[in-house]
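The structure under discussion appears below in the form of structure tokens.
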Amino acid sequence: MSLGDSDRERVVAALGRDPTPAEAALFENLWSEHCAYRSSRSLLSAFDSDSEAVVVGPGDDAAVVRVPGTDQLVTVGVESHNHPSYVDPYDGAATGVGGIVRDTLSMGAYPIALADALYFGDFDDEHARYLLDGVVEGISDYGNAIGVPTVAGATQFHDGYTGNPLVNVACVGLVTEDRLVTAAAKSPGNKLVLVGNATGRDGLGGASFASEDLAEDAETADRPAVQVGDPYTEKLLIEANETLLDRDLVVAARDLGAAGLGGASSEMVAQGELGARITLDAVHQREPEMNAMEILLAESQERMCYEVAPADVDAVREVATRYDLGCSVIGEVTTGNYVCEFDGETVVDAPATVLADGAPATDQPSTVPQAPATDRPDPALGTAIDAVLSAPNTASNEWVYRQYDHEVGARTVQRPGEDAAGLALHEADDGTTVALSAGANPGWTACQPYAGAYATAVENATNLAAAGAEPLAAVDCLNGGNPEDPDVYGGFEAMVAGLADGCRAIDTPVVGGNVSLYNDSATGPIAPTPTLAVVGYRDQHPVPGSGLAGDGDLVLVGGHADGLGGSVYLQALGGTDQFPAADAAGVDAVREAATRADTLAVHDISDGGLAVTLAEMVTADAGATVTVPGLAALFSECPGRAVVETRDADALQAALDVPVVRLGSATTDGTLSVTVDDETVTRDAATIRDHRGVIARELD
């Protein structure tokens, strides 16, 4: 490990001397792109992060928002584990789950749900399938073992991820105000206590590793930078954390993630504008002869750092012992520098704020992305429908989510496969449901980063609206390639601006998130990928699902769209086009339609456009007969719109302030019949299911 020349000069100026080897390694990791957001920090001010519901916004391990009408607080956070999941898809993905769950614990919350947004290279690529298989197994094994359901997410395939997949995981938790904890250290003299797994050498330099392009030999050369998870210890840590909170033993908390103990402990005291004195020899270790740098920076999993009052240390140790967890009193909070001692010598002595917040921002050159030309194909209607329904990006994700236990915890009331997940808030005792949507479409942002990111916000809000829910807050995972490339950084800038404007348009604060850059490899950079996780709520009003009842008229709330840019239609059949302008006004209209008593089914427009939305609504017992004005109207993926089956189309049209277009009617024959101009194509439910079963068919 080594600091760059300019950073080393800054460190020498701050310390008044050359750094020790341990200090240099600590600064390199904490000042890395992964930890310090050096290339993106200046862009993040574009996001609005305040609302009446926000209790804790950006800067902590997870954000906290209040659920209106209840005494419950919801925590939400999102993290990336991209590079590790390429090197070791199973452990990389599993430890990504573990890390975001511990972020939830750090706030005093109990984790109730996970969502995963996964991005891989072309589905036809054998290595992409290998990565998909390993990532899903890792998430499944870890999430199932700790008893937290994975209830929402998305899986996307795009050639930009061939050499660098993305694994973005969000977690939602519950807490009440009296149990809320933050990471900021509070009082000099309090003890710092490390609870959980013993520290080994795994994950060394993980933060630095995540701040570089993936090399061609990364799967072997970078294996030591990938952590190894133990979900059974994580489950014990979850329950121990609850017990510590029950007994009011926690003053502040932070999980050990990027940069390990050095990152967690220095950030805790920096947030409290305090210092610390830490004895590294006191850390419980599982490997012999570890040196100071290894103890400081190892990213061994399932560990928490707590600030504890001196009088409560024995009680904390007793709780750890009860749950068969290691426990070390490693130091105390001070008013001075952040100091670490090892083998009787001082190996780190630096201001905590310089370590945690002193990395200078990097000004990156950028070029403005250019809009694509319009060059649309003109296939036969049947050819187009079959091609789009058979595409991996419109395929059923059942193969993925059936591996997850989405029922554990007895809260799940809207399951994977619907527009958004729904989780019963039993504590509110009034039927309130927490809703969750997560994901992004790289085809949209590869086409036009600003418009595609804006649409990502509208799409996730529409998912909630189709479930009758109103958004409370969002967290983002901003994934990009090498920021030193002006074209890449220009796309990243446009993506951030578009997502910020889109979240403003849906009136949803962005309360936290994660930036992951240097997602670049020998095959090139990824598409700018703005994963968004939106948490919302719904009162006791029931809403229908997406399956047709076969007993109503079909209308399109939000009207037809024309642009085909970023669509599966163009991916499957060739051509280019501009991305359609999403209208956030449709979100409220979809929500109103979903909660009406005369609504029988509702499903939003997304991947594959109107054609796929209708196909997904068809069941063996209910079908649809519709007329659409053209191929663009059938396949445009412009969000903020939904198909609604209603008993009273006239009343619905009169009630909404957005265009409502009559499409046709639901039937009881289990077939989809689509007419465009003078051409009609019919596909039955079995054929649709076969088309959309490509992932399961190829991987089972």
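In case you wondered, yes, glycine gets a Cβ from its N, Cα and C as well.
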From Gly77, Gly431, Gly439, Gly513, the one annotated by Swiss-Prot with Tyr37, Asp476 for ATP: Gly513
Site-mate of Ser80, His81, Asn82, His83, Arg102, Glu299, Ser300, Gln301, Ser516 for substrate in Swiss-Prot, selected among Gln227, Gln403, Gln414: Gln227
Where Tyr37 (ATP binding site) sits in the secondary structure, as DSSP reduces it to three classes: coil
Fewest other C-beta atoms within 10 angstroms, as judged across Ser80, Asn82, Gln301, Asn514, which are the binding-site residues: Asn514
Residue among binding-site residues Glu79, Glu299 with least C-beta crowding, 10 angstrom cut-off: Glu79
Asn82 (substrate binding site) to Asp476 (ATP binding site) - Cα separation in whole Å: 15
Of Glu79, Ser80, His81, Arg102, Asp255, Asn514, i.e. the recorded positions, those within 10 Å of Tyr37 (ATP binding site) when Cα atoms are compared: Asn514
Env. residues of ATP site, Cβ within 8 Å of mean position of Tyr37, Asp476, Gly513 Cβ: Ser40, Leu44, Pro58, Val475, Cys477, Leu478, Val510, Gly512, Asn514, Val515
Spatial neighbour of Gly513 (ATP binding site) that is closest, considering only the recorded positions His34, Ser80, His81, Asp103, Glu299 and their CA atoms: Ser80
Sparsest-packed of the listed recorded positions (His34, His81, Arg102) - C-beta count within 10 angstroms: His34
Asp255 (Mg(2+) 2 binding site) - helix vs strand vs coil (DSSP): strand
